[in-house]
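Going by TrEMBL, these are the annotated features:
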- 2-69: domain 'CDCP1 first CUB' (DOMAIN)
- 78-181: domain 'CDCP1 second and fifth CUB' (DOMAIN)
- 187-290: domain 'CDCP1 third and sixth CUB' (DOMAIN)
- 314-402: domain 'CDCP1 fourth CUB' (DOMAIN)
- 413-499: domain 'CDCP1 second and fifth CUB' (DOMAIN)
- 513-626: domain 'CDCP1 third and sixth CUB' (DOMAIN)
- 636-659: transmembrane segment (TRANSMEM)
- 732-810: region 'Disordered' (REGION)
- 747-756: compositional bias 'Basic and acidic residues' (COMPBIAS)
- 773-782: compositional bias 'Polar residues' (COMPBIAS)
- 801-810: compositional bias 'Basic and acidic residues' (COMPBIAS)
Amino acid sequence: SFTIPLRTVDNITVTIKLRPGVSVGCQIRLKNLIRSELKIKPGENVTFTFTCSTPEKYFIMEIQKNIDCVSGPCPFGDVHLYPLGLPRLNKTFIWDVKASTKAGLELKFSTPWLRQIEPGETCPDFVSYDINSCIDTATVNIGTFCRNGSVSRVKLLGGVVMSLHLPWNSPLTTSGFSIANRASIKRLCIIESILNRESSVTLMSPNYPLGFPEDELMTWQFVVPSNMRASVFFHNYSLSNCERKEERVEYYIPGSPSNPEVFKLSDSQPANIAGSFNLSLQGCDQDAQNPGILRLLFQVVIQHPQVDENVTHLVDLSKEWNTTVTIHFEGWPNRIPLMSEPICLICKDPRTCNRVLTLVSGAVYKISFLCKDLSRLRITAEKGISCVDLRWCQRKIYSLLVPKAITQLPIRLQKFMWKLLAPDPISIEVMSPSLKLQQHVPEQRCNTSYSYSIVSAAPETELNVGVFCPGGSIEKIQMRNNITISLKTFGKGFLNESNHQDLKMSFVPHIKDECTFTVSPDPRAKVYLQTPDWPYGLPPYVSMSWYITVPSKQVARLGFSKDRMGITCETGRAYVNIKEETLGAEETVRREDELLPKPRNMYHNFWVNISNCKPADKTQLTLQFWVTFADKQIDLGVILAVVAGAGVLMAIGLTVCCVKKKKKKSQNPMVGVYNANVNTQLPGKQGLFTKGRKNNESHVYAVIDDAMVYGHLLKESNGSITPEVDVYRPFDGPVGSLPPSPPPFSFRKDIKRSSNTEEPPPLMDTDHDTYTFAHQKSGQSEDNGDTNEKNNGDMSMSLLENKEQDGLVE
């Protein structure tokens, strides 16, 4: 059982009642009566018991003491928890103190003082204080507080209602505050906060977040050691609709030449304040029809003076244009730092500091840092480049470089973004002339201190072109739409490597594909290239092209990383087109329902074009291909043909010399082979390699030196090499630099690839009389020999037959 005796002079009332939302599972037994609620008034002595062993699950207790400081003396001093011996229930002690508005009350809190919390927040030990000011019939909630804070005193105008909430198992035996004094303060309240070490406190205006009373004034007094520095930050505020006056904050800073210093709530608040200061919030007369809400949540940070706070850094952006630079804390803007975290401040003058500072182009700044660890700060910058008229901006090359004003700061550059804007008939070209670019792929990852992320703004969606870093094989990238290039850094090496940047851009005429890459691979390396938007897949109906250059003494090998495209088209067809940039080259075309080409050799510069359809079944087109290089192998047949041709030329020269000598010295006849059916007359210029050359037998030589017969060379090869026939390859116009164009989507369904049945171009009339020793290159189509036979009749066969008779092969 419990016995609670209440004296009349104490003016205390005790109420035991059910907890809100709890069903009746336990009751109070008073003598022979069973109750669910018990109220004990001043002067009563009551004994009772509970019908259960755990009454704290069902009941709460309120102990209210009324104190009259108007008609009688005010009980200054510590406020005690009375009465003693109460049941172990959740308790709320309420002290209702009546006082005149001409003589306010001062509540003083013992250490460890109090910390204000937002409504709905819970204290760690579940012990909390509610302070309310009572002016006439109006009640204003000054705030809710936990223990262990910096609020040491609260002065209130008029009466006060003080509530202390204790959990049923709390060991607390004292209230933790006293009624210290009465004094007229002529404002709603004064809250004193003592900050004697590096820390940060968060405070709110009364009635937060419901609204500060109309036309009221309140003050926060901050006691700060003279060797410490304080900075104020407004995190959340709103303004009411004023009819008269203006809402504002005022600072009284000892030693300031302009006390009070007046600021709007939207201004940057003072920082790096030396010593103690006061901050006041002033309301206004509000519009009766639409009053609005004035509220404020702010933070005060206390720090030791920083060693380098007087060190200024010059940031010259006077020659930059359309550029913004933001210095901020790590994680901004997605992460809000905790109030307890050490703070880093960026100052553009000794008293204007903030966690985030934005600088704009066209000005010069002198900034300083109040931060123990500058590695927690980051720089993010953005620059816009646009073109309206191609006639004015086509010839201009823009350097995409990070300004030295940024790289010289002792802050890590996190991201520099270039937004490149061009109207519809203009495209954008990005190039890296000296370093070139490497595409970041799983098989070939970037290991540099920075990289470029390129995103193209397509009409309907963004196309993530990919991530690139310096030191690769991509010379330039052309994109049809506006693009955004983001330079991101990794580690500290960018400060050294930033001096070697060479990324440039220009505006070019409109291109057909969404994106075109020009690649000049290192002959000693294996290059991997993959489609944009990896691994999510190309958007529907997007076409991409790669132009790969092949060195003259090299042969390229092209291969795909998988056998099929791996998609099913709902509308249209997807294609892979491969074509060498040479006359008469075949174009290899594969659809999405066909196997991709096997690895193949490419002897000339070539194009790879990938065009997407509208995929079905949520499948996406993602392709990767690779290119390697090897030195060209010289064919033994070519060597023999060259040697034979040289031998024939030498034989002709010797024959001419012998004929001349025979005329001069007939007594020394030349030894040779005679053919009575051969016309020994040398052809004239008019009859050189004419169409009737087979009939006039001008290609058969009358006298041949025995030493110049080369037929035995072919015999030594065991017949493994067949002699080549010289072929004329006609030139039918300049070779274009455009990629192979895939067929329109509306007609691709009926495409027939008939490159193997195409007829070769005819010989030009003006070249019929010319015979050249242009040997066929390895890997070249053998159909050219048939072409030559069709155009020249049986000339080549006749030539071979006659040469074989003489033991000669060219």
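Cβ atoms here come from the backbone N, Cα and C positions, even for glycine.
Note: TrEMBL annotation is automatic and uncurated.
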Give the mean pLDDT for the domain 'CDCP1 first CUB' (2-69) on the 0 to 100 scale.
93
When DSSP states are grouped into helix, strand and coil, how many residues of the domain 'CDCP1 third and sixth CUB' (513-626) land in each?
0 helix, 50 strand, 64 coil
For the domain 'CDCP1 second and fifth CUB' (78-181), the DSSP residue counts stand at 0 helix, 62 strand, 42 coil
With DSSP helix as H/G/I and strand as E/B, how many residues of the domain 'CDCP1 second and fifth CUB' (413-499) fall in helix, strand and coil?
6 helix, 50 strand, 31 coil
